[in-house]
Amino acid sequence: MRKSDLLFLAVLAVVPVQLGKFFWPQFSYVLGLRIDYLALTLYLSDLVVIGYFLVFVFKNLLAGQRTRKNLQKIILPKNDLLIAFLIFNLYLIFNAAYVSISPWVSLWFSLKFLEVSILAIMASIAFSNEKLARSIRLVLTFSLIWQSALIMLQFSFQRSLGLWFLGERSFSSSTVAIAHFQILSTQYLRPYGTFPHPNVAAAFLVIYLAILASYKLPMVPSIFSVLAVLISHSQAALLALLASVISKTRKIKYLIIEGIFAVLFLWIFFKVLIQSQIASVAERIVLAQAAFDMAKVHPVLGIGSGNFIFELAKLNLISIAEIRLLQPVHNVFLLILAENGIIGLLLFALLLWLILKNATTRSKIALFIILMLFFSFDHFLWTLQQGRLLLALAIGYIVSKQKIDGVKSNRV
C-alpha cells in the first residue's frame, strides 16, 4: 500500500480526534469573551491532512506515466467541479481582502475552506481506488464502534471519561451551558463523544454510516451507531438517518411501511424533544432573523466570512435563558447569505449542483440528502474543524468513481 493511501486512511481515522492548539489573537475576542469559532487553531487532523497532501503531490509527480493517466481519468471528467471549487475559493479570498469587516478572520476561513476543497478532491481519488475499499471499510467500522461506545458510556455515567488524548473535553451533567435533554421531568446529559457538540458527534455517525453502507453495511457498527444517534438526541441527525434509509428503499410496499413508521416515530420523538428544547428553537429563530437583517444591509457581497458573530454582538440579542447570543445562525445557506452575500450563495448553490450531478448511486444520493439536511438545521459543517472534514470526505465520496452500492448487512 502506498504512503498516500495510508495517510488517507489516517485522515479517516483522525476525524473524531479533537486535539488541537488554540491561539487567541485580538480578533478572536468579542465583548471581551473568547470565541472558539474565531480562534486560530492548529488541529492534529490538520497535520495529517497536510502530510497527506504533500505525500500525494510528491508521489504523483514522480509517478510513472500509467499512474498519471489513471489519475487523469478520475480528475478530468470533473473539470466543471474543479473550476467551481476554484472560483468559489477565489471569491472567498477576494471577499476577505476587500469586503470583510475583519479581514484576518475571513482569510483564515478562506484557508480552511481551501483545505476542504483540496481534501475533497484527493478523497474522491482515494474512494475511487478499488484496492483501498477493504481498508476504508475497516477504518470506518472501527471509528463508528469506538465513538458509539464512548457516547453510550458518557450517557451511562453522565460525564466525560477523561480521554483528553483523543480530544474529549472534561464535562459532567452539572457543567455550566452543557447540552441536556429532558424526559418526564428528568434532565439528562447529551453525550459529546470527542466532538464539540452532540449534534456534531451524531452527524459523524450518520455520515460515516452512509459511506460505509456502500461497502455493505456491517451489523455491529450499524446497531451501535443508530443507538448512539438516538442517545445524542440530535433532531437533524435522526431526520438525516431516516431520510437515508427511505431514499435507499427500492420496493413501494417497504417504502410505505417505512414512511408510516418514520412519521409516527418522528411525531412522538419530536413532540417530547421540542417541548424540552423550546429555548433552543427560539434561539434559532432569533438567529435566523438576525441573518436576514444582515443580508438586507449587505445583500450582494455580505459582511465577510466568519464575521457573523461580530455583527451579532452589535444587535445585543439575549436568549430566553438570559444569555448573550454569540454563535452563528443554524443554517449554512443563511450564514453564507449574511457573510458572503447573494453572489457567494449562488456560487455555493452551483457547487452543490455539480456535486449532485455526480451522485450516481443510491448511497451517494442518500449522502447528498444528509448534507442538505445538516446544512439546513445547523452550521457545524461550515464553521467547525471536524464538521469541515466530514464535509470534505462526504463530497469526495459523492464525486468519486466508486460505484458499489451495497444494501445488505454483513456480520463483523
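Cβ atoms are placed via backbone N, Cα and C, with glycine included.
Beyond the transmembrane segment (35-58), the same-chain residues lying 6 or more positions past its ends with a Cβ under 8 Å from any Cβ of the stretch are 3-4, 7-8, 10-11, 14-15, 17-25, 27-29, 105, 108, 115, 118-119, 122, 167, 196, 306, 309, 326-328, 383-386, 389. Look at TrEMBL and you will find 35-58 (among others) tagged as transmembrane segment.
Taken from TrEMBL, the feature transmembrane segment applies to 79-101 (among others).
Residues or ranges marked as transmembrane segment in TrEMBL: 107-127 (among others).
If you look up TrEMBL, you'll see 139-157 (among others) marked as transmembrane segment.
According to TrEMBL, the feature transmembrane segment maps to 200-217 (among others).
TrEMBL lists 222-349 with the feature domain 'O-antigen ligase-related'.
Among residues of the same chain six or more beyond the transmembrane segment (223-242), those with a C-beta under 8 A of the stretch's C-beta atoms are 144-145, 147-149, 151-152, 155, 181, 190-191, 193, 198-199, 201-203, 205-206, 208-209, 262, 265-266, 269-270, 273, 369-370, 373-374, 376-378. Per TrEMBL, the feature transmembrane segment maps to 223-242 (among others).
Per TrEMBL, the feature transmembrane segment maps to 254-274 (among others).
With a cut-off of 8 Å between Cβ atoms, the residues of this chain six or more beyond the transmembrane segment (332-356) that come close are 80-81, 84-85, 87-88, 91-92, 95, 288, 291-292, 294-295, 298-308, 311, 368, 372, 374-376, 378-379, 381-383, 395, 398-399. Among the features that TrEMBL reports, transmembrane segment is placed at 332-356 (among others).
Per TrEMBL, the feature transmembrane segment maps to 365-384 (among others). Sequence-distant contacts of the transmembrane segment (365-384), counting only residues of its own chain at least 6 positions beyond either end whose CB sits under 8 Å from a CB of the stretch, comprise 37, 196-197, 199-200, 203, 206-207, 210-211, 213, 235-237, 239-240, 243-244, 247-248, 328-333, 335-336, 352, 355-356, 359, 390-391, 394, 397-398.
Only pairs six or more apart in sequence are counted, and the transmembrane segment (139-157) with the transmembrane segment (200-217) gives three or more Cβ pairs under 8 Å, enough to call it a contact.
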